[in-house]
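Look at TrEMBL and you will find B:344-374 tagged as region 'Disordered'. Under the heading transmembrane segment, TrEMBL lists B:31-48, B:55-73, B:85-104, B:111-129, B:172-191, B:223-246, B:258-286, B:315-336.
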Amino acid sequence: MTARTAAPPPLEVREVTVRFAGLTALDEVSFTVAPRTVHAVIGPNGAGKSTCFNVLSGLYRPVSGTVRLGERELTRLAPHRIAALGVARTFQNIVTTQGTVADNLMLGRHALSRAGFAASALRLPRAVREQREHLARAREIAELTGLGALFDTPVALLSYGDRKRVELARALCLEPRVLLLDEPVAGMNAGERVRMAEVVGEVRAELGLSVVLVEHDMGLVMRLADEVTVLDFGRRIAHGTPDQVRRDPEVLRAYLGTGAGGEDAA
Amino acid sequence: MSDLLRRGRLLIPVLLLCALPFYLDAFWLRIGLFSMAAAIGAVGLGLLSGTAGQLSLGHAFFLAVGAYGYVWLAGDDGPGLPPAVALVLAVLLAGAAGGLFSPVAGRVKGIYLGVATLALVFLGHHVLLTADSVTGGFNGSSVPPLEVGGFAFDQGDGLAVLGVPFGAEERLWYLGLALFALTWFTARGLLRGRPGRALVALRDSETAAAVMGVHVARYRSAAFVVSSMYAGLAGVLLALAFRRVVPDYFSLALSVDYLAMIVIGGLGSVAGATAGAVFVTALPLLMTRYADQLPLVAAPGSGDGSLGPTEAARYLYGAAIVVILLFAPDGLTGLARRARARLARRRRPASAPSDPGAAPRPPATAVRAKEHTP
């Protein structure tokens, strides 16, 4: 019922290539997410960041390369198996389901609970008890992400920023060891961005999980990330700490389209 | 405390329904009985189409499997099992038939499943007509009455309770109530539990459901199997109420009737499916009964090209579907919810904070997130 306490195993991405009908979306991309760190994947639009997430969560199958979580290879597993191993994600465009915040969060408990069709239909005591226990944990996570007061509110009535946080809370309900955040602050106003950054920082400290972050907001990336991988046209063009990446001439060229001049890089 | 109160509120309609056979004649009881059977089937289809978002035009097929399964299993042509055992086996048989279709039902989604299930209706109808030895062919076969512990649900031996003669309709009324209560209890348990949430997620976004750990194909097939089992149960009850099963009843039109029920009632809720089932079932029967008092409707069987009551009922509920889709896409349940919310607002001073439960919920279609295309 409680959060997994052991350190998450490292997430290793090794020479992953994804092709769509001739277009190479990812070209032998490698990086490793060390346990309990925040690893940012950045790059211009169309660089392959979301493709990378879809490989990590099992929605796309790469033509070559492997993704490993500790000893387990994820590349051949179906999305629901990967979820069961403790890899949770959010989406760039919000994908919530009908119902209240509680309903959405309880969906996040799906992989951790057992009650099947027969047990739920007959409302067997163990199904009822299980539901109650998971609801209590979902409420804790709602409090942690600042959704406590909205727990029984239909998601459709929430603001954009709150719905983004519902997605985060739902992913946390999986008790993940690795959390994949796809543009968690996109479209948010300044106040919501600051709150979201705080929440991400808090949950990492409190739940001890690894975070992979795709984000365009450089301020957020620089503040949260321990390591940064930069993609452009599906290739890894730079890698390192936020400071190293910020000074990398390749990165400046990809983002600003200027020649690789080193002297004006700041 | 509030739990007790809620149970108390449920008690009144239950008592009312139990008392009705003492006051109503066989005509009204038969309407109620057909409505209860339809409601059981509609709840099953609602689970599949309303909750899981999988269109099925094959519901009539599974009703037929339940009805004919019971008739054959309990009849003299078949193994002649005790009728109560035959009832349970017929429901399981319908579930197994749904399971056989699961390679399709697990992979094909939405409207494409609708087209695939269309084949089942025609296949079923053909088999019912041609497999004479089991089904009785075109003329169908008579339905052996249900017997539980020596008590027969048929015309019987002049049993009277409190001075009211208890014939087949009165007895079957209580059987229908019991089966409907079972359906209500189990379906609501499913919808509010883990499987219900997984199915809603599948409908709203397959990708999100998969990423949250839902085994997509397995849950799609399971929804189909469960829906078939409810259809099978509805089929058995219908057979008992009709006392004779004929192939022509289980046509495509019946499947469409069931879709009309869940749309009129409001997708995704047990109460909605029930309300829709009562509406669609009772309307043609009532119109037939009162045809002579209705304008523009001819008496049944007058055959001079004028509008008969059955056709008139079809026009009426066709119109009801159009009106509902245009003005209340969440069906009768949505209308009821909005009416309740309005009442609550009127009763309360305007300054009081609104209860989130009473807040108008947008229709299901509006909440549905767009499928995530990564």
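Cβ atoms are placed via backbone N, Cα and C, with glycine included.
Unlike curated records, TrEMBL annotations are generated automatically.
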| remark: Tertiary contacts of the transmembrane segment (B:31-48), defined by C-beta under 8 angstroms and 6+ residue spacing from its ends, are 20, 24, 54, 56, 59, 63, 169, 172-173, 176-177, 179-180, 183-184, 187, 190-191, 199, 223-224, 226-231, 233-235, 237-238, 241, 257-259, 261-262, 265, 267-270, 272-274, 276-278, 280-282, 285-286
| Okay, the transmembrane segment (B:172-191) and the transmembrane segment (B:258-286): do they have at least three CB pairs under 8 Å, pairs separated by 6 or more? | yes
| field | Ranked first among B:85-104, B:111-129, B:223-246 for CB pairs under 8 angstroms with the transmembrane segment (B:172-191) | value | B:223-246
| Of B:55-73, B:85-104, B:111-129, whichever stretch has the most CB pairs under 8 A to the transmembrane segment (B:223-246) | B:55-73
| note | In the same chain, residues at least 6 away from the ends of the transmembrane segment (B:85-104) whose Cβ sits under 8 Å of its Cβ atoms read 58, 61-62, 65-67, 69-70, 73-74, 113, 116-117, 120, 144, 146, 221, 224-229, 231-233, 235-236
